[in-house]
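Per Swiss-Prot, the features are:
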DOMAIN    23-414  domain 'Helicase ATP-binding'
BINDING   G36, V37, T38, G39, S40, G41, K42, T43  ATP binding site
MOTIF     89-112  motif 'Beta-hairpin'
DOMAIN    431-593  domain 'Helicase C-terminal'
DOMAIN    622-657  domain 'UVR'
Amino acid sequence: MLELTSEFKPSPDQQEAIKGIVKSIKKGNKYQTLLGVTGSGKTFTMANVIKELNIPTLIMSHNKSLCAQLYSEFKGFFSKNHVEYFISYYDYYQPEAYIPRTDVFIEKDSSTNEDLERLRLSATASLLSYEDVVCIASVSANYGLGNPNEYIGMVLIFELGMQISQKELLKKLVDMGYKRNDNFFDRADFRVQGDIIDIYPAYYEDEVVRLEFFGDELDAMYHYNVLENKKGKDLKRFILYPTSQFSVGETRLKQAIKDIKAELNERLAYFEHENKLVEYQRLKQRVEFDLEMLTSTGMCKGVENYARHLTGLKEGDTPYTLFDYFAIKNRKFLVIVDESHVSLPQFRGMFAGDRSRKQTLVDYGFRLPSALDNRPLMFDEFIHKNCQFLFVSATPAPLELELSKENIFHQIMRPTGLLDPLIELKDSDNQVEILFDEAKKVIQRNERVLVTVLTKKLAEELTRYYLELGIKVKYMHSDIDAIERNEIIRGLRSGAFDMLIGINLLREGLDLPEVSLIAIMDADKEGFLRSTTSLIQTMGRAARNVNGKVLLFCKKITKSMQEAMDTTNERRKLQMAYNKKYNITPTSVKRHIEESLKNEEDLGEIYRKGKKLEKMPASERAKLAKELRKQMLEAAKALEFEKAAAIRDEINKLRDL
């Protein structure tokens, strides 16, 4: 049962939208659209729709910053349910590629984020275990995963009193991808101490599962906090999932290896016939090494390129994705596409770019043709999935409107009574100086300023200029990673600085109630960043503050500017009439500032600055120990054993307190 927790109740305008959407979905309509202005509470409407339908829901967004914001909000709305997070686990990713013109092969290079990997595994585990699941996902949801039925077939179910020999259990754990590690015990590891076996599930954060045996009988089972050295909840039954969604059973693995060998022989015969000896040797060496690894360990580097064989699919079949984990046992589920006017075009372009790069790798003997089936969903496959869709946007594109037909629900009024912002036109000749004067007035009121420019270089130069004039300012563009972006947005809201300069990262979905001034530089430069949709979305960032105002710097009024101003002014009239009817006085949005995603690093800073450990709360000490443990493992991997030993001693000090 999905249970919504909130101190607020839907406004009349929200109630009407919720009622219409729920009725449309229950009637069986596949597509519907929520057209809601910025600040009208679309997220709260989405949460109420989910509660009323009470079915598993996938919420998709086009960027990681919005995913993080949605995850935080829905964790609050559905605190008693399973709210999961599924985005790419790469902090850095360079896919393998080959450039024939220069004969340059670029090896795959990546850096994975352990916490994001854990959250992905937690998402699939929850989908296979529970019905009350809300999952926030990025475009990663469209990329291939393992067969959910194979994944379920690999699970290990523990029940008190069950009989299993230690030898058999350890073999099963290894088959599931878990590694024995009696010294540096970490996620996806297990350790053995006599009749006690500790398992650290790959999708757990701080706790392990401790199994106590009497001979071959499972005598006791409970959660155990390794960092605090404390026993947790007793368990009567526990389901352990594999360490990877690509895990497969022994029978399937043997068949996959057989199929890969057959495809390899066929491809080698082709290269030999075409007298492509370099490609022949390259492919033979590479695939035979991968086969050896698969045979001995069940995994290999780049295992996803053999996904078609491992999942048992045929050439050209739709790959398994997160959607198939939702659809397990043919259950109904809802897909909400947030900021659909941006998300859907992004989904549409994914397949072509991926295919082009991989085709070159196949043609030149770096990969087997089956690697082409390790791909994202084609747009038609995505949009025709066996589920129902709700598109959400302040500016839906023609595609959403066409698909939804008459099932379009408007949400123009804000529960807070806030109006769309006032718009002022300013001469772009003196835009930097004019903005400085306007920004000072806003900052004196303890409010914030957003500035959007057209290039990274201009963002950086403008930041330097305003810093010299004494404004606390930062810039944000695509070179800044997801976690740092989150920190910058948090810093703006908390008052660490007063002005944020960006390009197109300041548009969709960012909820910044402290911002009362939006400055759009060079607003008359026609293009993607100054289209009608982009202008309306950017202006919307000022619609959460009662003093909201937008400055458009220009020399002329373009068609896009005029359309954006007309739409905004028309909405202001409707909103003013609504406020008068219901006697509403506009008030700025009040929104909690989320905790930093860098809490663990901050604790490390506190420790390094000499905060007394004995004065730290136990929960902080546990988090600090966790951070130090990561550093210890990294030092050990880098063969810096003295450093690792020193960190180990510090961890022991923490545990002794």
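Every residue gets a Cβ built from N, Cα and C, even glycine.
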When you average the Cβ positions of G36, V37, T38, G39, S40, G41, K42, T43 for the ATP site, which other residues in that chain have a Cβ within 8 Å of that mean position?
-> T45, A394, Q411, R414
In sequence order, what residues of the same chain, 6+ apart, have a Cβ less than 8 Å from the Cβ of V37 (ATP binding site)?
-> A394, Q411, I412, R414, D420, G540, A543, R571
Over all shown protein chains, what is the count of other CB atoms within 10 A of the CB belonging to G36 (ATP binding site)?
-> 25
Just give the helix, strand and coil counts over the motif 'Beta-hairpin' (89-112), going by DSSP.
-> 0 helix, 15 strand, 9 coil
Give the number of CB atoms, excluding that of T43 (ATP binding site) itself, located within 10 Å of its CB.
-> 20
Could you list the residues of the same chain, at least six apart in sequence, whose Cβ is under 8 A from the Cβ of S40 (ATP binding site)?
-> D13, Q14, Q411, I412, M413, R414, P415
Using all protein chains in view, find how many other C-beta atoms are within 10 Å of the C-beta of G41 (ATP binding site).
-> 23
Counting every protein chain present, what is the number of Cβ atoms, excluding its own, within 10 Å of the Cβ of K42 (ATP binding site)?
-> 23
Across all the protein chains here, work out how many other Cβ atoms are within 10 Å of the Cβ of T38 (ATP binding site).
-> 26
Could you say whether, by DSSP, G36 (ATP binding site) belongs to a helix, a strand or a coil region?
-> strand
